[in-house]
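Report on the following structure.
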Amino acid sequence: MTGRVTLYHWEPNANSGKPMLALVEKGVSFDSHYLDMLGFDHHRPAYLAINPEGTIPAMTHGGRVLTESTAIMEYVDEAFAGPPLMPADPVERWRVRWWMKFMDQWLAPSFSMIGWSVFVGPAMRQRDPAEIEAAIERIPLPERRTSWRKAVYGLFGEEEMAESRRRVALGIDLLEAELGKREWLASDGFSLADINGFNLAYGLPATRPEAVNDQQTPNLIRWLRAIYARPATRACWALGRTDMAKRLAVLEEQPA
Ligand SMILES: N[C@@H](CCC(=O)N[C@@H](CS)C(=O)NCC(=O)O)C(=O)O
């Protein structure tokens, strides 16, 4: 399959950052189409014509439209030349997929709930309530409308927030233990599991310095620094337009 690649993405972060980093690691040139998520760009007709669900990211390759960030990464790895981002060994491939499923299904929603509650919600409450409510009404997926309302009106329950905090703490412990076993998360080579995990965890040394630091989580910090040092990661994070990307600056510091 030939044809231009266009990636519709927000900040290099979470689901948007996954296919971004996979494309750059593979050396695939692509048109970057930045969507301002807090400006509701992804709910406008021009983007809904590409992804009717109105979630980010999406990628077009020639006439194909691809959605779902992890599935897009696997497509990128298989459809293009460049360094392989999946190991050859079946057990290591299983481990990559185990980690990606665990992160996508179990851990990322908890990171997301905390992020939406402490970042998206307060940012939205600075704006005109009528404008925000009209924007929420235009969201195609009912479950996303619910999440936006919970974030904007501060409706995340204490129980669900506590469960999210528990999962993030457990996720940190599991990553630290796994990264004590080998250089990269799922195999001896850099893989899609590392791209996935970095997009989830890169902000932790800045946002949770008491839990993620050289003393308590040396393996996790070593791994984050190693990924941040890769030219592809630098190139990707340079595409960020908000202050979110600045959280990476902590990774410039070397252990004392
Ligand atoms: N499972 C999808 C989730 C996509 C998703 O929910 N993306 C978030 C951004 S990380 C989004 O579009 N949020 C904005 C919204 O729901 O309006 C994937 O991995 O691509």
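Yeah, the Cβs are placed from backbone N, Cα and C, and that goes for glycine too.
Since this is a predicted model, take the numbers as computed values, not measurements.
Broken down with DSSP, the domain 'GST N-terminal' (3-84) shows 34 helix, 17 strand, 31 coil. TrEMBL lists 3-84 with the feature domain 'GST N-terminal'.
Under the heading domain 'GST C-terminal', TrEMBL lists 89-256.
Across the domain 'GST C-terminal' (89-256), mean pLDDT in this model comes to 95.
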